[in-house]
Amino acid sequence: MSPQTETKARVGFKAGVKDYRLTYYTPDYQPKDTDILAAFRMTPQPGVPPEEAGAAVAAESSTGTWTTVWTDGLTSLDRYKGRCYDIEPVPGEENQYIAYIAYPLDLFEEGSVTNLFTSIVGNVFGFKALRALRLEDLRIPPAYVKTFQGPPHGIQVERDKLNKYGRGLLGCTIKPKLGLSAKNYGRAVYECLRGGLDFTKDDENVNSQPFMRWRDRFLFVAEAIYKSQAETGEIKGHYLNATAATAEAMMQRAECAKDLGVPIIMHDYLTGGFTANTSLSHYCRDNGLLLHIHRAMHAVIDRQRNHGITFRVLAKALRLSGGDHLHSGTVVGKLEGEREVTLGFVDLMRDDYIEKDRSRGIYFTQDWVSLPGTMPVASGGIHVWHMPALVEIFGDDACLQFGGGTLGHPWGNAPGAAANRVALEACTQARNEGRDLAREGGDVIRAACKWSPELAAACEVWKEIKFEFETIDTL
């Protein structure tokens with residue numbers, strides 16, 4: 001160290017433990033258009049003021065550490081630090097606060113969801129001053145959005161590839177999800193696709209197990225796709241899960257799918273990781289493959305009301321990283337999803353511009369600056385009686401996925417698929433005629449049963465099935 005540097009450091013440096021409020025709590029700060037904004041739900045430890053807790057979150061997720069260090073004098077902390085610029089109590093909750101934090105854009109690597117999450121949530125959730133912490137929402141500025149490719153193709157390009165317009169898409173997860181041989185698996189795929197579905201799907205934990213190696217599955221499924229296309233005259237697809245133990249193996253599976261000429265593959269983006277997902281998304285765009293994304297493991301992260309990361313943040317991250325489909329919850333069925341919150345997820349996935357709306361959990365206005373949209377996928381315990389509600393809630397730009405609601409049909413897979421297709425088209429036609437599906441949906445389904453024995457049989461089987469549990473994440 002030169003004498004000049006040593007003297008300067010000694011003059012400006014005073015050792016000691018930091019009071020975060022002095023540096024990182026800045027209530028007069030006006031966020032810039034280029035700042036990344038975060039809304040954290042904090043539960044401070046007893047005796048910790050919310051201002052200190054909010055400042056600590058800003059510090060530990062940006063430039064701060066627990067003590068003063070002499071190297072602070074070698075850069076401009078004022079330029080790079082996160083700032084807690086507002087704190088508000090959570091109505092009806094004791095000792096919970098929403099802390100709003102602004103991060104300068106220079107803190108983040110361009111086009112990297114991995115770096116974004118490592119910075120904002122990578123370390124601060126273990127901070128002792130907090131009993132619990134939840135990332136409620138992020139505002140991604142247009143300047144940062146533009147550094148991402150986003151979904152490989154998006155909703156409109158997908159419809160053009162499939163030549164399917166004016167209705168939602170239908171899918172089905174093959175069951176049992178584990179244990180079938182590759183040939184029997186392909187047979188189940190064929191029956192569903194020839195019956196009227198647009199897609200079938202690998203379950204999220206179908207990779208390359210001893211009972212069915214991935215290459216065998218890919219070959220038999222491709223045969224099923226081509227055979228069903230020849231019979232129906234429609235383009236068909238199956239979400240071939242490319243998730244693997246290594247990124248290299250994942251890309252090998254994606255390349256095999258491309259060589260087979262199938263239209264779509266699949267990835268488990270949370271268990272597989274954002275870096276792998278972004279690489280796969282780039283490959284899919286370059287090679288004309290659609291990319292279906294499963295959110296396996298999401299409830300570990302997003303289900304608790306006061307700790308973790310909300311799914312709206314995970315959905316934004318996926319739209320940046322890249323995926324043409326993403327499971328979003330259903331509102332109806334067996335898996336959790338409160339209506340307004342779920343619709344907030346759906347809008348963030350599909351729309352170009354979403355206004356702030358706290359009633360739906362949206363803390364910031366989000367401008368995606370024409371980044372391609374991601375199609376929401378509704379799945380989990382749904383059947384033909386849910387179809388009117390699903391069409392009314394999700395509209396046309398969604399994939400409605402009936403697993404047991406297809407394969408559980410008393411006459412087999414193909415009749416189960418036909419029942420779902422008839423129900424979807426009947427509900428879509430009724431909506432287009434101006435009928436209120438919320439009130440008349442049951443009548444629409446019953447009328448369609450008169451000319452579809454497959455639908456009538458399905459309605460009889462599932463007429464009493466309900467999943468009535470209170471949702472956890474309500475606003």
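Each residue, glycine too, has its Cβ placed from N, Cα and C.
In Swiss-Prot this protein carries:
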| type | residues | note |
| --- | --- | --- |
| ACT_SITE | Lys175 | active site, proton acceptor |
| ACT_SITE | His294 | active site, proton acceptor |
| BINDING | Asn123, Thr173, Lys177, Arg295, His327, Ser379 | substrate binding site |
| BINDING | Lys201, Asp203, Glu204 | Mg(2+) binding site |
| MOD_RES | Pro3 | N-acetylproline |
| MOD_RES | Lys14 | N6,N6,N6-trimethyllysine |
| MOD_RES | Lys201 | N6-carboxylysine |
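Rounded to the nearest whole angstrom, the C-alpha distance between His294 (active site, proton acceptor) and His327 (substrate binding site) is 6.
Max Cα-Cα distance over the annotated substrate binders (Asn123, Thr173, Lys177, Arg295, His327, Ser379) is 36 Å. Among the binding-site residues Asn123, Thr173, Arg295, His327, Ser379, the ones whose Cα is located within 10 Å of the Cα of Lys201 (Mg(2+) binding site) are Thr173. Spacing of Lys175 (active site, proton acceptor) relative to Asn123 (substrate binding site) is 39 Å (Cα to Cα, whole number).
It is Lys175, among the recorded positions Lys175, Arg295, whose Cβ has the fewest other Cβ atoms within 10 Å in the structure shown. Compute the center of the Cβ atoms of Lys201, Asp203, Glu204, which mark the site for Mg(2+); besides them, the chain residues with Cβ within 8 Å of that center are Thr173, Ile174, Lys177, Asp202, Asn205, Val206, Tyr239, Asn241, Met266, His294. Lys201 (Mg(2+) binding site) carries a strand DSSP state (E or B).
The two recorded residues, Lys177 (substrate binding site) and Asp203 (Mg(2+) binding site), have Cα atoms 6 Å apart.
Across the binding-site residues listed here (Asp203, Glu204), the residue whose Cβ sits among the most other Cβ atoms within 10 Å is Glu204. Note on the binding-site residues Asn123, Thr173, Ser379: the fewest other CB atoms within 10 A surround the CB of Asn123. Counting neighbouring Cβ atoms within 10 Å of each of the recorded positions (Lys177, Lys201, His294, His327), the lowest count belongs to Lys177. In the three-state DSSP reading, His294 (active site, proton acceptor) counts as strand.
A strand conformation is recorded for Ser379 (substrate binding site) in the three-state DSSP classification. Cα of Asn123 (substrate binding site) to Cα of Glu204 (Mg(2+) binding site): a span of 28 Å.
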